[in-house]
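Asker: Have a look at this one before I ask anything.
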Amino acid sequence: MANINELLQELNPAQLQAVRHPPQIPLQILAGPGSGKTKVLTMRIAHLITNCYLPPWSICAVTFTNKAANEMRERLVKLIGKENTAQIKMGTFHALCCKFLRR
């Protein structure tokens with residue numbers, strides 16, 4: 001697994017602010033294509049689990065595309081491991097809504 005704090009140094013100030021946003025306050029990331037939304041969301045999740053000690057099962061990460069959801073899942077496995085990643089509710093709006101409706 002990667003050292004989260006070292007990777008945080010690679011972020012620009014706006015990205016770092018989003019990653020370090022207080023965990024008790026919901027966060028919505030809106031930005032254009034290629035601006036690093038998936039990277040920021042991935043780093044935020046890893047930061048919340050690693051540095052803020054939030055349980056992975058308490059996190060819901062919603063993306064718009066399957067590509068972003070799959071990319072985020074792959075990155076998180078490298079950052080926090082397979083077991084933690086599997087506990088996160090993560091996917092597209094459609095996939096997550098479908099899961100909730102089936103329950």
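From the backbone N, Cα and C atoms, a Cβ is placed for every residue, glycine too.
The feature domain 'UvrD-like helicase ATP-binding' is assigned by TrEMBL to 10-103. Among the features that TrEMBL reports, ATP binding site is placed at ALA31, GLY32, PRO33, GLY34, SER35, GLY36, LYS37, THR38.
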Asker: Determine the minimum-neighbour residue: among SER35, THR38, listed as binding-site residues, which Cβ has the fewest other Cβ atoms within 10 angstroms?
Answerer: SER35
Asker: Long-range neighbours only, meaning 6 or more apart in sequence with Cβ under 8 Å: which ones does ALA31 (ATP binding site) have?
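Answerer: LYS37 - these are the non-local Cβ neighbours of ALA31 (ATP binding site), listed in sequence order.
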Asker: Could you please provide the mean pLDDT value for the domain 'UvrD-like helicase ATP-binding' (10-103)?
Answerer: 93
Asker: Once the chains shown are all counted, how many other Cβ atoms turn up within 10 Å of the Cβ of GLY32 (ATP binding site)?
Answerer: 6
Asker: Other than its own, how many Cβ atoms are within 10 Å of the Cβ belonging to PRO33 (ATP binding site)?
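Answerer: There are 5 of them.
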Asker: Please give me the CB contact count at 10 A for LYS37 (ATP binding site), counting all chains in the structure.
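Answerer: 19, counting other Cβ atoms within 10 Å of LYS37 (ATP binding site).
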Asker: Tally the residues of the domain 'UvrD-like helicase ATP-binding' (10-103) by DSSP class, grouping H, G and I as helix, E and B as strand, and everything else as coil.
Answerer: 55 helix, 8 strand, 31 coil
Asker: Ten-angstrom check, please: count other Cβ atoms within 10 Å of the Cβ of GLY36 (ATP binding site), all chains counted.
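Answerer: Within a 10 Å radius of the Cβ of GLY36 (ATP binding site) lie 16 other Cβ atoms.
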Asker: Provide the number of Cβ atoms within 10 Å of the Cβ of GLY34 (ATP binding site), excluding the reference atom itself.
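Answerer: Excluding its own Cβ, GLY34 (ATP binding site) sees 6 Cβ atoms within 10 Å.
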